[in-house]
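A short write-up of the structure that comes next.
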């Protein structure tokens, strides 16, 4: 129901006040009036991002990254599509962050519904209990930023039908017709079966994705970048539960659940989205793997190479394709480096800027310590304890062992002469 419909309803209620019981109608009118306020507060869509620093511009702080030289063109973020699988503690927060960043298109996947037990996860509200997580996410995210295109899929990707729908949606054209496929997949699921399904889909499509997870004790987590053929897939070095073939659902016990801290979820979601932004907007260093241990504030990193004997045929095929294209990539990288080096030689040492900061070539200056003397660098009445560079004397050569032997012989003769007398 839009704002105009609500106002029409208010007019109808005003007309009904002629009835005998106006109190009930007044209460109804107050409830509807409360619905009009948020409807009026929702902003309209913004066509172009602006760097103008005004209170009414929701993108001014984001565009400042471009002005400060962190990102070349931040507005490119509107051209990208990201799929988030799992709208739980990490996925829902990641979706909110990307929405606030102004991502162009978000695809949301989950089959679960919102429960009161989810209220510690920073995102869902008690009034959304009973809604599917995807619908609840769309409801909240569309209010935060109406510029983002949101597509929700309430399905279980581990089923045959769900996997087919998931695979097709990753390749399909967006609802507005602007994008085809997705640029990145974020896995925020809480079980290994779903991770293996995401791994299979991305290997088949050659789709880059990032995996995330939080430990059962809620005090540690990780994120990982997976590029089919270039890095290890999830099946190249599977966890023990996956490698042993045990159905992880049989490991769960009645009345026992994993711990969940909103702080850890928020940290992992932040690391995940930060890595995604660096990957898409080409700034900083994209982490291949980054762990997080909150007990020791420890952030381990590592790289994982693909396993040539991986059990996933699609992964092995992507590895072959990656190796076949390696000479062309190396040649392109070399040409790019040479072009950048040539451009650097032609450009000035520094560009004009608003802060009057200049970069001075060290070769054009002389170190002040070489020009200064011992007298001009100290106040009157003070002298240097150590010699200056101009008055430095070569150290006395050490006495050789032969001279020491001669002195000992002379001393012995003197002692013998004294004893004889």
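Cβ atoms are placed via backbone N, Cα and C, with glycine included.
Since we're looking at a predicted model, the values are computed, not measured.
Annotated ATP binding in Swiss-Prot involves 89, 110, 133, 191 plus, out of the candidates 57, 73, 156, the residue 156.
The least crowded of the recorded positions 233, 257, 310, 315, judged by other CB atoms within 10 A of its own CB, is 257. Minimal Cβ crowding within 10 Å, among the binding-site residues 110, 133, 191, 236, is found at 191. According to DSSP, residue 315 (Zn(2+) binding site) is assigned to a helical segment. A count of other CB atoms within 10 A of each Cβ picks out 89 as the most crowded of the binding-site residues 89, 156. Using CA atoms as reference points, the recorded positions 233, 236, 257 were checked against residue 110 (ATP binding site), and the closest is 257. Cα of residue 315 (Zn(2+) binding site) to Cα of residue 191 (ATP binding site): a distance of 21 Å.
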